[in-house]
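Heads up: the structure comes next, in structure tokens.
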């Protein structure tokens, strides 16, 4: 209703614009002593008509951002009242492990955990179910029905191991939380990094570390199988890395050659009331320089990731073996591999699902009840 009035294209917006005009007139018509307060909400303030936010109309704006760790804890406690949770479930622990979650995401987390518990006839929801629910939300649902050959599993394991090793060793990178070669969503495998806290901003060093990590999966395939046998699994990694590198140059001022200047501007769609004309903000020479700077950033981080993997080929092979054997490894196994120590099985590995359910029931019944870098294959999308 409050969308910005357009440039007259489409022909189907006349009634909507007349409604907006009438609302603006009515809001102007309120006298000062009527005591009428008009409240509205939107998750797209960028498309609002400027007339709506002028003084005398919606002139007070309250931004409701994502909850911090304390807010997430309180939200989780509210939703956890609706399910029977075990005593080992700690809302603060879950809150620390869910940075960037919205209130709806947290509600979904509790619901998914309850569903996992119900599928194995458990009376209470334990931390195991919450971890499974978190993995499903963060990395997508498991596709156990997808059959992968031994060669595909090995290739995916090397790819994900490359991400994990470089992400573990580059400076100021988010810690590696979990690596899996079980197909999830549209990905053949996932390496999930979990931030240690809420991130407000990110430094150039962190961005470059992320670039090295994104290219590490492709590089691992290159080092093991040769350049001619690299798969299409790194397509999404390349897309994300290229966007980061270009934004570093054109928006965030991380290029010494071009300086802290904005070289791109999102003018928006004409159907949202933006101008039909497309302005050119740079010369052809500047555009060429931007491309050169983007390539330079990518090349130096590509080279760094390659050097790290060459220096740690023994860890790459060992992590591949662990992934092929266990399919999913967690922080403890990753730390053991990086320290070149023997690998212990991950939690819950080696027990049939029925035994796991029976064991969980026997433990929870004794207590009183009281909360990615992906390897994608374009041909499977």
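Residue numbering: from 1, along the chain as shown.
In case you wondered, yes, glycine gets a Cβ from its N, Cα and C as well.
When 49, 59, 68, 237 are compared with the Zn(2+) site residues 159, 163 in Swiss-Prot, the one appearing in that site is 237. Swiss-Prot tags one of the stretches 296-338, 339-381 as region 'Disordered', and that stretch is 339-381.
For residue 159 (Zn(2+) binding site), the Cβ neighbour count at a 10 Å cut-off comes to 30, with all displayed protein chains included. Classification of residue 163 (Zn(2+) binding site) by DSSP places it within a helix. Counted over every protein chain shown, other Cβ atoms within 10 Å are most numerous around 163 among the binding-site residues 163, 237.
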